[in-house]
């Protein structure tokens, strides 16, 4: 109720300014103990060797540097993913680079992996009180040639490994030049081979196995999805996140800002993202879990992702448009389904 009253004021501000103000307010409320969500009664679920208290996660992109983990955790998330982080700090693309399309409950962004670098993120993670499941989403610096991208991923993998519950390899942002080339079969085969080899070395070194996931785009043809699924299984990748933002403007073509460059998230992405989840589920046959994300604006949207084959879901734009209560709303519905558990894909 409070968020619905405040939203018009927040939306009157430039989006990145509003983002900063919202986080400052959330941090203040958290420090004063003014809010703490009551998690929905839920049977915890073991996926990738991790115990998830509920299936609702925060997607990467909202807290790029891991500066607000404790405050976000108080909203009742079952897991939190921070990043995307790169080896070196970078400012991202010039502003303006974030645009709301409120008529369609959607957002266009061309942020360009603005972040303070992996060392800054790790310092924030080490300072947090949060003891829940934390994903760290890693990417390459904008000026790293795509043929050298593996070097950037390795730097981030090695520095984040000890502190992450799982690590997501972002090869699908549309806002870093040529990044999506890494979804092509030859490039992805090589990248996954190198990352999995180093994952095992790090597991031996630290006595801790940190699952490795890959985040893919929604703008893939069916044969491309099948090819990616085959490579994920070949390299025994631990999970897949579907999907990132889309370059499509279907359904929003006439709206203000629709022609802005960048990736579209929010309600118009829902059907496309769900279809990718369903195709992955068919191709993977339960071999690894899917985290469904893209256009989830309510519990019904989350249920659709689970029905399509996702084991867990993540929200971002829905949180912006619906407010913090969305987390508990979705968790309550999903946790009440099937006696507090979920069906979805493999939970191994």
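Just so it is clear, glycine is given a Cβ too, placed from its N, Cα and C backbone atoms.
Per Swiss-Prot, these features apply:
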BINDING   60, 61, 62, 63, 64, 84, 137, 170, 215, 243, 266, 295, 316, 317  FMN binding site
BINDING   64, 109, 110, 111, 112, 113, 170, 175, 244, 245  substrate binding site
ACT_SITE  173  active site, nucleophile
Calculate the distance in Å between the alpha carbons (Cα) of residue 112 (substrate binding site) and residue 215 (FMN binding site), and round it to a whole number.
16
Determine, using Cα-Cα distances only, which of these recorded positions is closest to residue 110 (substrate binding site): 64, 173, 316.
173
If you count CB neighbours within 10 Å, which one among the binding-site residues 60, 62 has the smallest count?
62
Neighbour count first, Cβ atoms within 10 Å, every protein chain included; then name which of 112, 266 tops the list of binding-site residues.
266
Between residue 64 (FMN binding site) and residue 173 (active site, nucleophile), what is the CA-CA distance rounded to a whole number of Å?
14
When you rank 170, 173, 244 by Cα distance to residue 266 (FMN binding site), which of the recorded positions ends up on top as the closest?
244
Give me the non-local Cβ neighbours of residue 215 (FMN binding site): same chain, 6+ apart in sequence, Cβ-Cβ under 8 Å, ordered along the sequence.
60, 137, 168, 169, 170, 171, 172, 240, 241, 242, 243, 244
Given the recorded substrate site (64, 109, 110, 111, 112, 113, 170, 175, 244, 245), which additional residues of the same chain have their Cβ within 8 Å of the Cβ centre, ordered by sequence?
61, 84, 92, 173, 174, 176, 262, 263
Please report how many Å separate the Cα atom of residue 316 (FMN binding site) from that of residue 173 (active site, nucleophile), as a whole number.
15
Please report the number of other Cβ atoms within 10 Å of the Cβ of residue 64 (FMN binding site).
21
